[in-house]
Amino acid sequence: MARSISTSRATVTGVVAWTVGFLVFFPILWIVILSFKAEGDAIGTPWHILTSPWITEAYVTVQERSDYFKHFMNSVVISVGSTLLGLLIAIPAAWAMAFAPGKRTKDVLMWMLSTKMMPAAGVLVPIYLIFRDFGLLDTRTGLVAVIMLVNLPIIVWMLYTYFREIPGEILEAARMDGASLREEIVYILTPMAIPGIASTLLLNIILAWNEAFWTLRLTAAKAAPLTAFIASYSSPEGLFYAKLSAASTMAIAPILVMGWFSQKQLVRGLTFGAVK
Amino acid sequence: MKLKAMLLAASSVFALALNAQAETITVATVNNGDMIRMQGLMDDFKAKHPDIDVEWVTLEENELRQRVTTDIATKGGQFDVLTIGTYEVPIWGSKGWLVSLNDLPAEYDADDLLPAIREGLTVDGNLYASPFYGESSMIMYRTDLMEKAGLTMPDAPDWSFIKEAAAKMTDKDNEVYGICLRGKAGWGENAAFLTAMSNSFGARWFDMDWRPQFDQQPWKDTLNYYLDLMNNYGPPGASNNGFNENLALFQQGKCGMWIDATVAASFVTNPKDSKVADKVGFALAPNREGIEKRANWLWAWSLAIPAGTKKADAAKTFIDWATNKDYLALVASKEGWANVPPGTRKSLYANPEYAKVPFAKMTLESMNLADPKHPTVDPVPYVGVQFVAIPEFQGIATAIGQQFSAALAGSTSADDALAAAQQIATREMKRAGYGK
């Protein structure tokens, strides 16, 4: 018999969930509110901001001044490209670690994760020099490569965790039926791990979309994605909150919409294997 | 024979096509009104120089500085023209990171540049950056409130007058505060203001042996005067207020006086954004009785060429277009004289049309008073009015700015803030190897 949950407990849980949800979402909501204000109002007190007139001037200005579509396309190419390339490398790697672990597999995994512990600024100059020498500065190819490398440890770790949930016996059965290694990965493992791969894909697209350290430092005019688009609206002398908020809203809107439509897939993937 | 002729024709067409292909230069800049305006006037540049295309990289000030420093130090060659300030030019110029602009065409007329600005951008006789717009700082005040207080603002007031006027103008019940000054921590925010203010109290950052001077009486007088003014007559939460926050307060009619960058004058007198546009007067930044130096600074956003560029000629052509006299006339014809980039050329201030702009005279006087090579009463080993042109300054001044901001917020005392400032500066200067 299923345990019944009392109404009061459900209410409390509901209120707590909505409060936490609202707190997490509040900064984004505030950005959207500010983007519909005049510059003079957007810098005022919260009460002043909420009661001042709602206008779309900031969006008009941003639209006039910047080439949004160019930055948007750069963001799409960099985030999708780096994630797909990362998956291409990470799926075989995670397969090896999950189904054919060696003595040092755990160490390798830890070592991969340890690269995330180093501050990115520590390798800025070497990477900048490599990019300069290979002509990769301000190119989408260069950024796809570097963002892929930045996110690769996370992709491998996520896939490794998902693959571990898949019984090795199924793969063994495929092998006994004469499946080659490639067929085993493509036809057996990958379809079974689709929820996990999908959530890895989505999460890494979001991470790559929001990546601001490398995308700002390795680009100039040609390959600059939406992070650079946002950064161009901060001003040392002159009011800018409304324009900056409008630019931010335009930059996060596509990824927000994508997250909204794929949230079922994301949650399914993130809780994959949680209940046995 | 026919084949030879065809080959010749084909190669000529190819050569012509190569020649016709425009050269593209990349300009790194900050998001300031004058810079954005320039981007809107590129049709004029393109009409005059169809062989040069310009791409823009606009970044936040500190982001730009880091980005450009990385590129210039590694000779990455990402940018052909940089927007930098009077702080960077002496440091980068002396390191050989910038291309000399001494050979700009005669029409550029370097002698027409304001002497203080030109001096600040010149190292060992080489002009390393061309000023795009320059600024000093001055007092902007509400003429109606001053009249109501029964006072008349002199052209060159002292700090005692400012205090008296601030007291009389303050009406906290109606959210009117006598004085608005920068309180937000940062080397370009409160540290810049307080450094300029300290000059007018006879203080200095370092003595001739690079020993920090925050433990000396003039610095104590500076900080105590500032805290007294702001705590009694300043707006609430002033420790979070930088240039932009004070600008908004002034435009909404909440400040009696505001001492800040002269470029703010065009914002506060613009009726589109400012509720008090027709009630603003201007005066020189104050001094302390008996001290000649005033609390006005000197800054110029300038265009420079990094030594790594392969397109120095095209970059020079662009800089010449953007900073010569014709450009000023172009802006005036499209946007009016009040929107011309100020503070770079003598001829602008000699122009009778520009003289009608209400803040023109006081801006020029403020700029002429600033002397980056002799900024303080006592001699100093550094260049810079509101900064010290050494690479370590940004870090030290931001840390010290946090101490001063904390003192304004009331979380530390003036004495403790100065003691901490002395300790920070001593430690960092020792680490950097000064005064050995």
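The backbone N, Cα and C atoms fix where each Cβ goes, glycine too.
If you look up TrEMBL, you'll see A:12-33, A:76-96, A:108-131, A:143-163, A:184-209, A:240-261 marked as transmembrane segment. Residues annotated as domain 'ABC transmembrane type-1' in TrEMBL: A:72-262.
Counting Cβ pairs closer than 8 Å and at least 6 residues apart in sequence, the transmembrane segment (A:240-261) and the transmembrane segment (A:12-33) reach three or more and so form a contact.
Long-range Cβ contacts of the transmembrane segment (A:12-33) within its own chain (Cβ-Cβ under 8 Å, at least 6 residues beyond either end) map to 49-50, 245, 248-249, 252, 256. Note on the transmembrane segment (A:143-163): residues 77-79, 81-83, 85-87, 89-91, 93-95, 97-99, 109, 112-113, 115-116, 120, 127, 131, 136, 189, 193, 195-197, 199-200, 203-204, 207-208, 211, 214-215, 218-219, 223, 225, 269, 272-273 of its chain, located 6 or more positions outside it, place their CB under 8 angstroms from a CB of the stretch. Long-range contacts of the transmembrane segment (A:108-131) within the same chain: residues 97, 137, 142, 146, 150, 152-154, 156-157, 160, 213-214, 217-218, each at least 6 residues beyond the stretch ends and with a Cβ under 8 Å from a Cβ of the stretch.
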